[in-house]
Structure formats: structure tokens, C-alpha cells
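Structure record follows, encoded as C-alpha cells.
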Amino acid sequence: MSRELSLDLVSVNFFVLLLCRKEISCIQKPSVPLSRFTTLWLAFSLMHAAPTSHPRHHDDDHLHLNHVDASPHGLTCLDKDRDGDIPNSTNNDGSHPPTSPDAHVFDITSHGRTSSDTSFNDSDGDDDAEDADLVIDTPSEKPVTWASLPKKGQLAILTFARLSEPLTQTSLQAYLFYQLKSFDPSLPDSTISTQAGIMQGSFTAAQFLTAVWWGRLADAEWMGRKRVLLIGLLGTCISCLGFGFSRSFAAAVVFRVLGGILNSNVGVMRTMISEIIEEKKYQSRAFLLLPMCFNIGVIVGPIVGGSLADPIHSYPHLFGPGSFFGGKHGVGWMERWPFALPNILNAIFTFAAFLAILFGLDETHEVARYRSDWGRQVGRTLFGFFSRRRVPRHYRQLRNLEDNESLYMDGSVTSTSAPSSPIRLQGLPRHKRPGFRQIWTPNVLLTLLVHFLLAFHTSAFNAMTFVFLPTPRAPENSRRGFFHFSGGLGLPSSRVGLATAIIGVIGLPLQIFVYPHVQSRLGTLSSFRTFLPFSPVAYTLMPFLVIIPRYPWLVWSAFTAVVGLQVISRTFALPAAIILVNNCVTDPSILGTVHGVAQSIASAARTLGPFIGGWGLGLGLKNNLVGGIWWALALEALVGWLLLWTIHEGKGIERRKDARRGTQES
């Protein structure tokens, strides 16, 4: 009876405490102390409620008071651990540690757990309680934001390098139709459409043949990730210059193939991001950076390409005959190579990314990262030389070897001998690399198949859109029904750039503000399944744009609505596909190889997609059935959505790394 009365007294007094509005703030703000009156009230209640000899019973409906160690600040409410227990509250045998005269720190929990009782010594409780502060620490994980991403400097360099390829691709698509037409003006539009598909597919076909081997090289200890990236960027730079100065269709295809052979950077960048970002909670934002670059490229690339293509005719007062820069006869090389200027600009941007990787990016390969990197040494020297603030020199304890990146980024040190230390290299664990067959599980195969289908219809949509927009409109009398019609929208090159920029304008805000929150609520696979069906709807509606009245406001409104559906779908689908592939990896030592295989498969899809899309669009233009290829594309996207219900998301590399750390600590 006295036991129940004591507990009821504690309950009454505790709720009286909560009724004090001014005291509630101490629960929300641990740094706000209780007043002396309230502290004395609690101490008095506890002294009367705490039994001295009876064991505590397991009862979910009672208020449990767990005795813990004292703190210098007096009464303190300690956090529970993840299982609901109180740290340091019992001994190994289940008994409670002995109390001391100063042990007046208590904890209030509502979890029904069995523990031994403790006596409460009140010899000097009143004296200590007068000056005690009640500090309540509530363990809550901070929400993941863009600002909370770790190693933002390294991610920024990778993002800058990734941006070079979408800029090149989308800039090319803005004027590709007109460049192909300049090679042979006598060719019909249907042939130009087929050539555009071949041109788009030649780059990805070369990537398909070499992506796996670049992934294997990136996994090799003597090569590493960074060197593969540098080779790819240099190859892209050469390809841009060669393509811009081409005078025939064959020469243009050769330089596109060269760029594809030397460039397998997407798979390597995904590998490096997964090694830089170990915690799974950051994946949705970290892996979103690469697709985000596409939308930035879609905004900037077409505008740059469309505005700089054929500058003599676009800006005759600047580059034409009698102009400021052209002199009497105009700029000769611009007249001879009218589409070289945007490619020169793309080459400069790509070379800047090359320098950023060389001087600013750290190697992430588990063995090659300890190799001496003269590029990073030069980069740190340049950073220290051009830094305007005086960099303090101090020592800092590192939790692990990965923490040295933060020192380099804030300028605390300018050099280190750790990466080139032979002692470290001798102590590195050497693992036997598994063969290809060890990654071919059913879930991996289905995930890669979904990745293939997604890359196929997104690349086909891009290639077909950039040909569909400038294709001239068909005569009104050529329509023979609701499904039998032909032609495009007949937009000039400047309008094509504006139309394709709409894709990025819609997609970029979705990626930055909407996708992370929706993905955190639904999950990777669920968001993939929810938003992918928007793509077949967009593909079904796209060809009907040619039969709506030719009012500009109506055409642009309808185009924005249809493209918006596809952009919403792609915003959630592309990063989800990357994360699913990444989390299928069964061994970190083959991470680069798996991403190389995924990029090779995606490259095959991006080869077939533009080629089949361009061929089908040309066939539809010739046979007055331009919608046929669009509706076939919608059917293919629907098949990919159905396959999503047969796969599951893997555990990824985070849990394996945690297990490895636990093994090392034990």
C-alpha cells in the first residue's frame, strides 16, 4: 500500500511540474535549469517515493526511477540507449552499482524493464538539490540536408567534372539537325533523322564496348579511379574539338566514337561517390548530384549551342563581312566551320574539369589512395600560395585515415607523408577479387535489366525530341485520321535550345527541393515505382502536339505539360536506378566493376535507343505515322515499370563497412 502511495505521489508531483509553463522549456531546451523551488519539489518527492528494500517489479504502468551516476551539475536526466536501457545503470550481473552520498542523479523512464532497486540516500540531498540543474538530453538524429553532406569539396569537384558531358551532349543536340544538313543539303529530313540517331548512338556504342574494361582498370591497384577520370576528360576534350571542325558525316562519327572509347566516367564517378559517402542516409542526395548535372546541362547546353552555332549568320554584325571582328570578309574559320565555336567552348570547360580533378580530387581506391599523388601535392601548394588568410598550423587527432581530407580542405596542413608511406602500403589488406559470376545474382540481373530499359526510353526520348522539334510541320491535308499524321513542330535552332532548356528548368527544382523529401518518406524503390508511370503517359501524348492549333501560347503550354510529366518521372527514376545498382554490390573490391557493367549496359541502351528512335521517327515521317515510335516507346517504359515489382533493394556497402569496423575493433 505504501509502495503504491509513494508512486502515486511521484506521479502527482511530476504532473504538477509539467503544469508550470515556465519549467516546460527545460524539457525542450536542456540548457535551461529548473528553479530551486521545482528542484526541491522533485527531490522531496523522490525521497518519499524511493523504497529501501523491496525489489522493483516489472510493470509497464508504473513510473520507474533508475539510479545512475552523479554529474558535477547535480540532478541530471540521462539518455536511454537505443534498446531503451539506461547506460551505466546496472552491473554486468544485473545488480545496481552501490550508491554514494552524492549520487542524487535520477532518470525517469516509462519503459517496462526489470531491474534491481536502489536505495536513495538523503543525507545531504537537500543541500545538493538546492543548486542542482535538471538537464534532459533527448537523443534525436539530425535531419539530412544538403548542407550536412560530408566531404562537400570532393563532391563539388566530381559534380563539376560530371557537368562537362551533359553540356557537350545537350549543346550538340541543339544544332545537330542543322549541322548534318550542312554536310549534304540535298538529303531529305527522314535521312537526317536517321543520321542523327546514328550520331547519338555512336558515342554510347563505343562506351558499351569499353565501359566494363575501364571499370576493371578503375578497380586495379596500379591504376585507380582518378587516372581513369583524367583519361576520360582528356578524351572528351579531344572529341569536342574534332567534332566541331568536322566537314563530313563520317568524320563527325569518328570523333564521337573516339570520345566514347576514352570516356567511361559516369560509372567511375558513381563508384567514387559510394566510397566518399559511406552512410546510407546520405545516398539519396549524393547520388542525385550526377542526374542533377544533366538538368543543369539541359538548361545551359542548348542555350549555348543554339546561340553560338553558325555565328556568322547568327551575329553578322560581330563576325560577318564588314563586322567588328570579321573585317572585310568575315571570320574565315567560322565561315568554314560554322559549328566549331560551341565545341571550342565545351572543350575549354572540359579541360577546366580535367585540371580540377588533377589538382583537387583525392583517390578513393582502397589501395591506390595511399600512393603518392603529385597532382594533389601541387594543388595543396597552390591553395596555400593563393590563400589570403594565414593558415594556422596545429595538430589534430584523426579518427581514421579518411579524416585527413577535412584537414586539406580547411588548409590546416599542406602536405602529408601518410599516402606515400611504405609502412602503410605493406600493412594494407589484400583481398582476392571475385570473378564476374559472383555478381550475377537474380536480383542483380533484374536490376540491371530495369536500368537498361530506363536508359533506353529516356535516351530515345531525348534524341527523338531534338529531331522532332525542328522537323517542319506537315501540310494540313496530309492527315488521314486521328492516328495517321506526320511532321514535327518546325522550331528554329534558337527555339530548340529554349524548348530543351524547359526540361532542365522543370527538373532542377524538383531534384533540389522535392525529390529528397519524397524519397525519404517513400524509400528508393517505392518512389521509383510511383513516378515511373509518368513516362509512358508523356510518350503517348507527345506526337499529338503536331495536330493542335498553331497558336504559340497553346503549343508551348502543351509542350511544357507533356515534357513536365517525363521530367517528373526521370527525376525520381534515374537516381533510384543508380542507388539500386550500387546497393546490389556484394563486395567493395568489385564496386568499380559493377558500375562499369551498369554503365556498359546503359551505354548499350543509349546506343539502341537513339538509333531505333531516330529510325522509327524517320519511318513514321515517311509513312504518315509519326506517333508509332512514340507509342512503342510508351509500351517499353510500361514493361520496365512492371519489372520493378520483381526486384528488391540490396543492403549496400554501409552495413558491410560497419561490420568490418567492428571486426577490427574486436
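Heads up, the Cβ atoms here are built off N, Cα and C, so glycines get one too.
Feature annotation from TrEMBL assigns region 'Disordered' to 74-132.
Taken from TrEMBL, the feature compositional bias 'Acidic residues' covers 123-132.
Feature annotation from TrEMBL assigns domain 'Major facilitator superfamily (MFS) profile' to 154-652.
The annotation transmembrane segment is assigned in TrEMBL to 197-215 (among others).
Feature annotation from TrEMBL assigns transmembrane segment to 227-245 (among others).
The transmembrane segment feature in TrEMBL is assigned to 251-268 (among others).
For 288-309 (among others), the entry in TrEMBL reads transmembrane segment.
Annotated transmembrane segment per TrEMBL: 339-361 (among others), in sequence order.
Annotation source TrEMBL lists transmembrane segment at 440-469 (among others).
The transmembrane segment annotation in TrEMBL covers 496-518 (among others).
Look at TrEMBL and you will find 530-548 (among others) tagged as transmembrane segment.
Below 8 angstroms of C-beta separation, residues 443, 446-447, 449-450, 453-454, 456-457, 460-461, 464, 525, 528-529, 532-533, 535-537, 539-540, 542-543, 580, 612-613, 616-617, 619-620 of the same chain, each at least six residues beyond the ends of the transmembrane segment (629-647), sit close to that stretch. Taken from TrEMBL, the feature transmembrane segment covers 629-647 (among others).
Within the same chain, the transmembrane segment (530-548) packs against the transmembrane segment (440-469): three or more Cβ pairs sit under 8 Å, each pair at least 6 residues apart. Taken as a whole, the domain 'Major facilitator superfamily (MFS) profile' (154-652) shows an average pLDDT of 83 in this prediction.
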